[in-house]
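Chemist: I have a structure here, written as structure tokens, and I will follow up with some questions on it.
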Amino acid sequence: MEHKGYTLDDTVDLSGRPVLSSTTGKRKACIFILAYQAFERFAYFGVSANLVIYMTSELHKDLVSAVTSVNNWSGTAWITPIVGAYIADSHLGRFWTITFALLIYAMGMGLLVLTTSLKCFRPTCTDGICKEASTVQLTLYYLSIYTIAIGSGVLKPNMSTFGADQFDDFRPKEKVLKVSYFNWWSFNTAFGTLAATLFVVYIQERFGWGLGYGISAVGFLVASVTFFMGVPIYRHKSRKGKSHAKEFFSVPVVAFRNRKLQLPSSPSELHECEMQHYIDRGRRQIYHTPRFRFLDKAAIKQEKTDASNPPCTVTQVERNKLVLGMLGIWLLIIIPSNFWAVEVTAFVKQGTTMERNLGPNFQIPAASLWSFVVVTILICVPIYECYFVPFMRRRTGLHRGIKMLHRIAIGVAIQIMAAAVMFAVEIRRMKVIREKHITGAKEVVPMSIFWLLPQHVLLGLANTFLMAGLLEFFYDQSPEEMKVLGTAFYTSTIAVGKYSNSLLVFMIDKFSRKMSGKSWIGNNLNDCHLDYYYALLFVISAFNFAVFLWVQRGYIYKKENTTEVNEFEIVRAEKTESQVGKA
């Protein structure tokens, strides 16, 4: 097989023909995908980074309402990847789902530029008194940003997974390169985000929202063109066999039907196909694991088996176990995901109350301080990739350096440290407010905005471990036929984090108003208790971290049968020669 030079993982070109390993995929294909990611994140964060400021200053919404609206919008952008995963895995495939989503995204960007540029689509102010946005104005604005959220959401799991598809797991060198790919994916995400938070946010506040969103639209156009430039050298996973969703749901159905049967003493007595069966179908066999044993009943062999209702294979059962295992980790990442909501809502509004001047003529946009989160990621990712991973690889013998869940745990631990710093800084800000007798919402607290820098840097360091770690974990641990769903697990944790943060803010607002008649997170942050909010985040994060450490100790990683690669190569070569001959 090696002398033929074809890929070993059954990847094909856009026309469904086998592809040569030397001329397709790998880093040369990922250059286009990673460049796309940088420009698309530039476009997306050019819209989202300053959204809470736009809603309070241009649409004249109160702070709690604006924070809730931003979190709900952002949550939609991170929950719709589930839809994108289903469409790609069950119907269109990754490439055509990406193409479809880019069209939706483009329509949203165009409508947003229109609604923020033309005066007739924005509320007007007369003598300092601003009218509320009309129903039509709000409808068009929300239609534009939610169209962007849907397009972006469908893209998220497919693009990162499509990039990972460019590496052949059956070639050891490419498998190592795939680990680096996830780190550089995070790096390019951070780079595009940094450009947006420094450049676009400043343009929006200094020269106008329409121009700022127009620049974001240009960034999206460049991203789309860059992606399609790589079409001739992309590898595509071939889509074969039954509906993955049907196979997935058949396991609990058969297990329930066999609930009264006794499990055999040895897993080897359960129903499983020969390795050749999986080779012929371009799939991978998964070894049995001793967790979720109730599902093993779906693979019990019976003397009299109905041909229309055969038992499931061990591999089918293990796919379901993988999803259940990931679900447990997913639930424990909801609390850490709250910090990604706090970074772009509470931090931004908190920064507007502080001293932001740099010289007599320049004022730092509060949203731009978030760029320090991104700068930290840009600095730390290369250090992690070039120094930390090789050092730990020599110590542990693991090709990743450390286990994926250990990487995630380090990120969560740093988040808890950041929460403690957030609380301490807010205590300091409240002390200055009392000393200076500041009460007005628009009064500036004589305390530099750079007091917020340590918490931004810590969260950037946490994201270095957490974001790429989560993406790699959910991709790696998902069944081979459901890789996009695995990536959707990652994006949906962020979505649920956004929604849960909205719920947390709502509950805090209602509780604090009922108890003291004044909200902890009101419109006037100079007369609130944001410190209580940060303290609550610290407590629930610490408790959640303790549970995470307990769960990860018992987690069993996926074990695929890749020991018969030579046999796979021979059969794959024969199949390839046959397909090329027919073509």
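Going from the start of the chain as shown, residues are counted 1 onward.
The backbone N, Cα and C atoms fix where each Cβ goes, glycine too.
According to TrEMBL, the transmembrane segment annotation covers 95-114, 181-203, 209-234, 322-342, 362-384, 405-425, 456-475, 487-508, 532-551.
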Chemist: Considering only Cβ pairs within less than 8 angstroms, which of the stretches 209-234, 322-342, 362-384, 487-508, 532-551 has the most against the transmembrane segment (181-203)?
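Modeler: The stretch with the most contacts is 362-384.
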Chemist: Checking distant contacts: for the transmembrane segment (532-551), what same-chain residues at least six beyond its ends satisfy Cβ-Cβ under 8 A?
Modeler: 328-329, 332, 335-336, 338-339, 342, 346, 408-409, 412-413, 415-416, 419-420, 422-423, 426, 504-505, 508, 512, 520-521
Chemist: If we skip the immediate neighbours and take only residues 6+ beyond the ends of the transmembrane segment (487-508), which ones have a Cβ under 8 Å from one of its Cβ atoms?
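Modeler: Apart from its flanks, the transmembrane segment (487-508) reaches 64, 67-68, 71-72, 74-79, 81-82, 84-85, 153, 156-158, 160-161, 326-327, 330, 333-342, 345, 470-471, 473-475, 478, 519-521, 532-533, 536.
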